[in-house]
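Features of the protein shown, as given by TrEMBL:
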| type | residues | note |
| --- | --- | --- |
| SIGNAL | 1-26 | signal peptide |
| DOMAIN | 23-125 | domain 'Ig-like' |
| DOMAIN | 127-228 | domain 'Ig-like' |
| DOMAIN | 244-332 | domain 'Ig-like' |
| DOMAIN | 337-422 | domain 'Ig-like' |
| DOMAIN | 459-552 | domain 'Fibronectin type-III' |
| DOMAIN | 558-648 | domain 'Fibronectin type-III' |
| DOMAIN | 653-746 | domain 'Fibronectin type-III' |
| DOMAIN | 753-847 | domain 'Fibronectin type-III' |
| DOMAIN | 856-950 | domain 'Fibronectin type-III' |
| DOMAIN | 955-1056 | domain 'Fibronectin type-III' |
| TRANSMEM | 1074-1097 | transmembrane segment |
| REGION | 1223-1248 | region 'Disordered' |
| COMPBIAS | 1227-1242 | compositional bias 'Low complexity' |
| REGION | 1310-1335 | region 'Disordered' |
Amino acid sequence: MRRTTILMWLLDICLIQLQLLQPSIGSQALSFTLEPQDAVVPEGHSVLLQCSGSAPGRGKGKAMLTPAAVRWRGPDGQDLGIVGDTFRTQLKNGSLYISSVEENRGLTGAYQCLLTADGVGSVLSRPALVAIARQPDLNQDFIETYLLPGQTAYFRCMVGEASWQEGVRHSVQWFRDDMPLPLDKLRMVVLPNGALEIDEVGASDRGAYQCNVTSGSVSRLSSKTNLNIKKASEVPGSDHAVAPSFLVGPSPKTVREGDTVTLDCVANGVPKPQIKWLRNGEELDLNDLDSRFSIIGTGSLQISSAEDIDSGNYQCRASNTVDSLDAQATVQVQVPPKFIQAPRDKTAHEKEELELECAIRGKPKPIIRWLKNGDLITPNDYMQLVADHNLRILGLLHSDAGMFQCVGTNAAGSVQAAARLRVVPPGDISEQEDNVAGAAGSGNVKSLGSGLLARLPSQPRDLAAQIVKPRFVTLSWVEPLQNAGEVVYYTVYYKMNNSEREQKMVTKSHDDLQVNIQSLLPGRTYQFRVVASTNFGSGESSAPLEVSTQPEVNIAGPPRNFEGHARSHSEIYVRWEEPAVTNGEILKYRVYYSENESGADLYHDSTTMDALLTELRAYTDYVISVVPFNRNGMGDPSAEIKVKTYSSTPSEPPNNVTLEVTSSSSITVHWEPPAEEDRNGQITGYKIRYRKFKDAPQVKSTPANIRYFELSGLDRSAEYQVKIAAMTVNGSGPFTEWYRVNTLENDLDETQVPGKPIWINIQPGAENIGLHWGPPQQPEIKIRNYVLGWGRGIPDENTIELKETERYHVLKNLESNTEYVVSLRARNVKGDGPPIYDNIKTRDEEPIDVPVPLEVPVGLRAITMSSSSIVVYWIDTMLNKNQHVTDNRHYTISYGITGSSRYRYHNTTDLNCMINDLRPNTQYEFAVKVVKGRRESAWSMSVLNSTYQNVPVTPPREVTVRLDEENPPTVIIQWMPPKHTVGQITGYNIYYTTDTTKRDRDWSIEAFAGEETMLMLSNLKPYTTYYFKVQARTTKQQGNNNAPFSALVSYTTTAAVIMQEADTIAKGIDNEKLLYIIIGVTAVVLLAVLFGILLLCRRKPQSSPEHTKKSYQKNNVGVPKPPDLWIHHDQMELKNIDKGLHTVTPVCSDGASSSGALTLPRSVVHSEYEVETPGGVPGHVTNSLDKRSYVPGYMTATSMNSTMERPQYPRTQYNHQNRSHMTMETGLSQQSLSQPNQNGSLAQTPEHPYGGYDANFCNAGNGAAGNGCVSTIESAKRGHPLKSFSVPGPPPTGVATPINKHTPAVTIRPQNQSPYKKPSFSAATPNRLQGGGSVAHSTDEIQRLAPSTSTEELNQEMANLEGLMKDLSAITANEFEC
């Protein structure tokens, strides 16, 4: 045991010396001079883990390195408590000594050394693994083996090679019949895994074989394998050919770079199979002297000093005349992490943003972690991982100073480097020690003289948030009042409420008075302030502005630990864990997957936390992610993973198979591989079966990288059949049909030159040309080779000789878009045959595999911020409702001056962007597209917006509002003129309002000319807060005034001011009281007029015929009752009538009949987005039982005069013969309300699809409103208690209505529509008729309306039905006349 300990110490010392020779990486402030190393020892042995480092210090006034304090962390990640530990002791030099490594005592695992220096920080060493040496597993199966003489025997020894410990050595010795086996080096070999291989076995090799494995001082024996040798005469059919079979095939290997790899392969067959090795389908060249590949034993492959390029699929191919067989294994060469860029020591100021760089390569890709003072950094809002490797710190604090380590780890090892971060106060530019920096860090303001202090700018003004979204805010401000000309740039500071970490953003110049703050968190309150900076210092800070970002929907977070693997060539299994943040119940998960990175997105829904993706393509990479859904919709997606399905056998045979007779004893087979989509994996070779007619077939195998094969040793003048199949690691695909050809009777003739190739096919590329040709027609003439020539415009500038068996060649490194002349001729010993020529032009560029496009961004908006900047933002429909980008997509904004063909582009990973450096007073066009890898969307719809005019004037200053003491009804507004202006000030605009949310154009404006800076304003409301701002006008301004406004000033009026401001009338009646009186009197007069009209209408005419005197009262026996309004209102219809040209049938203006207007059905259009009704007025108001939508504009085409615009509402015209008939007339003028229509009804035209109707209810020649006749407008203004049931009375019979049969009329027949229907509009409801002229509609806009099933409206109507029926009976019981 003592000897082992001494050996371990010597090994550690050697490792120390080697490490000291290597240059250190990382910080010079605190670094390791020695790190602990892995140790594998037998149980009970001791271990010494050494660690030391240095830190900066001072001695005798000089800088020097001093030893750093050392602590240790155990396998549990906690600091070791050395005191009281019976097994572990920390030595004086910092090394950790473990006296006895024993199992189940918590002594094995990873140990790390922690260096600490006061005032600097701490760094953590690489993990050193302490493990107990384990014995390998041995073969324990007793096996009886029977072989024929001449075959190969293979005996296993150790198993579980993948679990062998690194650094543990094993020695193997073989025994036969319990005696040591003397090795015959010509026939016997012990492989690196301890297996024994014996070639050409004979009777003398019979016996029981077993191995003895020694590890350290421990030896173990495997079980025995009994070898039996049979005589050939004892095996029936032993003289027949037998297909190859593998005794052992290669197994998958994962090794580190530089290791030696051995792939075992032993096969038997009759005849003895030939072993070949292929990598990714191409045969390995084992004859190269510099090759790292070699064959050991009969066919095992050994790779020395494995490199990354050696990774791939290896196939051991055993073939004889019967068949060929492949056994494959994957070799993964892992590369330990190595630094591309290590972090460096940095010094930064507080509130700044800092990024520590770290780039590490390795295979597999290393996982990068960051440590601060030895503790793992968990990414948060202020410490973020950029591109998974750099560390970004936002809003630096003094507490952020310390030692930062970048650690890269993969399966092959780990690497780490440290950097020191010093954080100094703002203005401190010292790079020295902290005490020096602290002395110099008293601030730049105090060191300035009084002259420079006077030149510092004051605080920026009017800081405001122009755009507030969940993840970005756009701010604007006005330049300082004092020393604005000294400003070089502005600094915007912002922080989250209740946080000390303040971040900053610096503008590019003093002209930038707005900024777009991105990467904010939704639903949080931030504080913003602005400071103007000069070349000699910073001015005062503006007052903080608190802004709350918009909240986002409470969606679920990303699923955790998402992983997947292939189960077959068409299935992938994925699983995940529930998101850390669910925000309620997870309703389902949606797994998105696509082929590679350019295929269409497919998805699979699952209610569990796993899924099986089926019906996939074989040997295809799939990009997969999973998204959770809760009640608020789609959540955040998981990280994308890439999984490849297993390969399968090809689904189709090779293409373009041709047979060529090359001699009397040989045939050359030519082919092309199957189509890409039919290969189902990497083609590893081709299997050719051939036979002489009616003989047993033979097999030849080829590598995957050739396209022809010569079958030799054939009989003369015989018919042969050939077929071919493609192979993958999974086996052979389908064979082609049998192709037949006859060999020649005699050898080929070379007494004459070959003929011309019969055809040539050329396929151009951008930088290459592919040629495929057929041989000459004279198969009896010998061809030695082909000569291929090509040149630009002329043939044979370049020539190349090709084998006589080749039929395909690619000319490479050509110029694109160039005309080439190609020649091809056959050659033999007699000379060259005649050539065949062709000319071809290369393409401009290679065709690109167009990926599936992404969805186009929508909702693009462009908001003008100033004369040189516009903010654009949009919506990505492929993201969740919160519009948070979590993958590698980015956006490209295209913008340019409208009408110009020149565009500029800007890339961003956010869904918003501020475009700067634009021209003032210029209209720009914007579009956006999304890009993700090779996929991208089309450009979105363009939006236009113009920058503000670059107004040469600053805002007015120091606006004040006060009460005029001498004239209390007046408020005085005063201000100072702008500080800077170009041109003479011609006047001012004073804006004032009580609602600051209104647009500027909706404010009240007082404008006056001149240079006065005071205005007296009266007529303000009492106890009201008003807001004022002032704008200057200059001679340089043209068109719209875009001059900046002054700061906003508020003022609250008092009661005394208002009481004196109001214009009073006698006896203290002011304007407000007068308004109430006018409204009341008007209402009384209107009621009186309506009552008088009602009395006139209830008079009975004497000339009425008898049948018009029938009453609808309930008590009259034998008189038909009025129709039941509920049962029959869906069965009434309007039928055709002809309307007179000059006579208008009057209709009584009773309150019931005046509201009985026809309503036409509205054309219903279903849309995903609702259209807002201007003014906030609902698009349709109705109390009808029939819950339908109506468009009043379909009823009339109204002509308006120059003084009044008023809608004309149609009314139903009744005829004595059939009261349900109606005609309408459109295009009425305002005069038609008092005069009869002289032109008759309008014909049905495209402008008037519904024909015509008369808008008058009474004949102008028979009476006016005083006789009970009312105009359409008067009727429209009346209310009616019957809501949806309005029953017009019949017209009197005293007036005859002539019928003109030649006048076209239109009949409107609504389906399931009652004539007793209240119109869906009223005079108080804005509609399309009030907007202007007529609106034409086609007949297909009138659609059938389905009856409503709304019980709410039905219950409301039925509740009033009993009372309404009483009024209805009273109205319909009388006859009406005007």
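The backbone N, Cα and C atoms fix where each Cβ goes, and this holds for glycine too.
All annotation found in TrEMBL is predicted automatically rather than curated by experts.
In this chain, the domain 'Fibronectin type-III' (459-552) lies in contact with the domain 'Fibronectin type-III' (955-1056); the count of Cβ pairs under 8 Å, excluding pairs fewer than 6 apart in sequence, is at least 3. At the 8 Å Cβ threshold, with sequence separation of at least 6, the domain 'Ig-like' (23-125) comes into contact with the domain 'Ig-like' (337-422) through 3 or more pairs. Taking every recorded stretch in 244-332, 337-422, 459-552, 653-746, 856-950 and counting its Cβ pairs under 8 Å to the domain 'Fibronectin type-III' (753-847), the highest total belongs to 653-746.
Restricting the average to the domain 'Fibronectin type-III' (459-552) gives a pLDDT of 88. Annotation: stretch 558-648 has the most Cβ pairs under 8 Å to the domain 'Fibronectin type-III' (856-950), among 244-332, 558-648, 653-746.
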